[in-house]
Ligand SMILES: Nc1nc2c(ncn2[C@@H]2O[C@H](COP(=O)(O)OP(=O)(O)O)[C@@H](O)[C@H]2O)c(=O)[nH]1
Ligand SMILES: [Mg+2]
């Protein structure tokens, strides 16, 4: 079966490669004496072009991968994730009263739950986890029966889907191959043992096991971000320890992470979405984030619900895209941060899973949030003072208008591109959507998906899955990957420094699609300076007194 | 500045079970707002409000109340002039948690700390689970100021904060920070390094 072949070895290898390398990989590491703000060197390695043969090879191979789900263009209209109302409300338990014996519960497409080694319920995406003790006990029995033969804590199973109430899905043969991919609708189960906790995913979506695993990992990381690894010590003291007490109120946060694993492009592809901003202005903002230097601040961040405006950090504070997502997601999920300044412990799991750092959080405008990550629990008042400084800087008329302008704009919309790069209105151009992924910075540029022709959720999901598959699948080192489905065509151009994923209409011919991709990559490359976000360094020896700060204002 | 020169900052901390209405009380007091969809506080929120009649600037720490943040609570109540311990009159459990907070503060042994006990959600009298007489009795035994409030209808919210303002030690002339007309922020005493949960 070609689909599982395409999922082959590369899926795992690629995923590992994407794992936590530092976001600031490209930051010039050597110390510079005078510059307060140093910007990352953007890769300047010319845009590789794709040859005709490469394309044809790619097409020949990939044309076999006809997307089956292409017919059901149904589904409701899109509700963009950042649209009005509380973001949190979307993630309350949709079925708080269901339990594992109910058909409605069994019909849900993707379950995730967590239980302790003692079989104690900890979390369930749907239903009331407390009512599922017997289910968890059964799941646990299976795990211990099959055993962790492979030692990596991951066990995955597949089987045909039984009807509701049709007996245990667990009886199907267990198999090690996390890469195998059943046809859509087949049930997959993954178990991931992490210390005293077992994370389980039971899914009927067509996401491959590697992707589901990634989502379980993310869920685990968000657990750690709230509780640190200290949770393991609590279990060591008492195996019957009830963790739900500690998780009180975090259900929506955990559910939102599961959602993001499917729907948030940066999470799906493993990167950060920067706000395009004129480099001069971004530097000034970085300067203001440094001008208020407070000892023990590891990182200052300015961001919105879905894009990062500026990061200024100490060199030793490693901040990868995953930790950054966990943090910004944590902030955007809680509207309570909008009501006042806050100070909260937060653990950045890739940086240090055993300790909390202290984060000062305050919105400086309705949508723009400022955060200072500090190693000191008593730094609040200094950080609050620093915020006043940043806030007054951002209020300066030129800065404010520049930033507001940038915030209003979407990232390089298709219709704003040059015609040769696929620019044009819907219907005028075969190009529907694209993602430019800069590997060194682990940042991605992509217009929002809400507008036609990608207006429906179903359509967006299929495009996202397409990108995801292309990013993880091995195509024997192919630099061009191609996939036609009923209503659109996805093409991926993989190069050393960047990946370009693009969605075209279904009738585009390969030649023009590739021509457009080439032009698009070149165009974006020529604008990288303003589109991508260098990571600025916070210098540890900069001490600005309050007086000096006032003078600079 | 000089007109405010004699305004004293006072650190005030709110403690109590999650969902008792701490944030709602603070937001009612500081901003005059209330929402039925108040989202849970994360970590702790910081707000200030000046009460000119009493020449006090409250610097309020609204804590989260979740169990996982418990070990961090000292960071917020250390150095506080006053604490409001909030429970929900419809929940005995929250009243018990309030008593635990009282004990914890007593163990800290700051005799000057003003402690108020607020029985919130008084508008939900129909679902009442804690009698005011019981709470009053407990408050008397422990030297707390007790009042029932409703952040929703704003009943007694002003009184709660005003009473605390009234009880704060009168500003002494000598207590003024040297050489400054500015309001001096109270700083938390340095807390333990790298606290972890559990
Ligand atoms: N009926 C009623 N509901 C309240 C009152 N105060 C708070 N609430 C509600 O109780 C819930 C929890 O309030 P919140 O302020 O977040 O509690 P906190 O966790 O102690 O900060 C929210 O849904 C509020 O709307 C009140 O006085 N009356
Ligand atoms: Mg609260």
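Quick reminder: no glycine exception, Cβ is built from N, Cα and C everywhere.
Source: prediction; values computed, not measured.
As stated in TrEMBL, the feature region 'Disordered' covers range A:160-185 out of the listed A:160-185, A:186-211, A:212-237. In the predicted structure, the domain 'FUZ/MON1/HPS1 first Longin' (A:110-255) carries a mean pLDDT of 71. As a summary of secondary structure, the domain 'FUZ/MON1/HPS1 third Longin' (A:431-527) carries 34 helix, 32 strand, 31 coil according to DSSP. Mapped onto DSSP helix, strand and coil, the domain 'FUZ/MON1/HPS1 second Longin' (A:301-389) counts 27 helix, 28 strand, 34 coil.
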